[in-house]
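Asks: Sharing the features that TrEMBL gives for it:
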| type | residues | note |
| --- | --- | --- |
| TRANSMEM | 36-57 | transmembrane segment |
| TRANSMEM | 63-83 | transmembrane segment |
| TRANSMEM | 95-117 | transmembrane segment |
| TRANSMEM | 123-145 | transmembrane segment |
Amino acid sequence: MWKLNQFIPDDDGEREESLLEEESDGICSLSPTQRLYAFAASLAAGLILMFVSLIVFAKPIKFALLFTFGNVLAVGSTAFLIGPERQLGMMFDPVRIYATVIYIGCVVLALIFALLIHSKILTVFAIIFEICALIWYGLSYIPFARRMVSSLMIRLCDTEL
């Protein structure tokens, strides 16, 4: 049947050529529905890994691995919605470049402390800093949120003798 269809001219051949001629976004050449499903799957997998990491909280190295990979999956899931190029552009925007670099640094440190050094206390500290950096990074997307949190922390932690 395929050989017969090969010789019969129809609109499918023209359609295939037009799809090939269109500019493709590379990895992001998914349909909007596919992007939404990929976003949901990646976000769900990240949240599940972060939840499972709480179960193994008594073992800091396993906790750090599961939490960090879940965290990266959850943050990276938005790349399916807006595309990886735009995601990286927004991450390294001058407004949030410091938060992004600190977050990525904390992720790398948590993995180094967990996988190479096998230090439980350093891994726990790296995870605490990673959570704080992720919160600060997330606040950078909300207008004036970091300024409000900074002024709140100054008021709460200000000690006058």
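Numbering starts at 1 and runs along the chain as it is shown here.
Glycine residues also receive a Cβ, built from the backbone N, Cα and C atoms like all the rest.
I'd like these features described in context: how deep, what's nearby, how far apart.
Replies: The list of residues near the transmembrane segment (63-83) in space but at least 6 beyond its ends in sequence, with Cβ under 8 angstroms from a Cβ of it, reads 25, 28, 30, 35-36, 38-40, 42-43, 45-54, 56-57, 90, 107, 110-111, 113-115, 123-124, 126-127, 130, 134.
For the transmembrane segment (95-117), the residues of the chain that approach it from at least six positions outside its boundaries are 60-61, 64-65, 67-68, 71-72, 123, 126-127, 129-130, 133-134, 136-137, 140-141, judged by C-beta separation under 8 angstroms.
Taking Cβ pairs closer than 8 Å, the transmembrane segment (123-145) reaches residues 60-61, 63-64, 67-68, 71, 75, 95-96, 99-100, 102-103, 105-107, 109-110, 113-114 in its own chain, all 6 or more past its ends.
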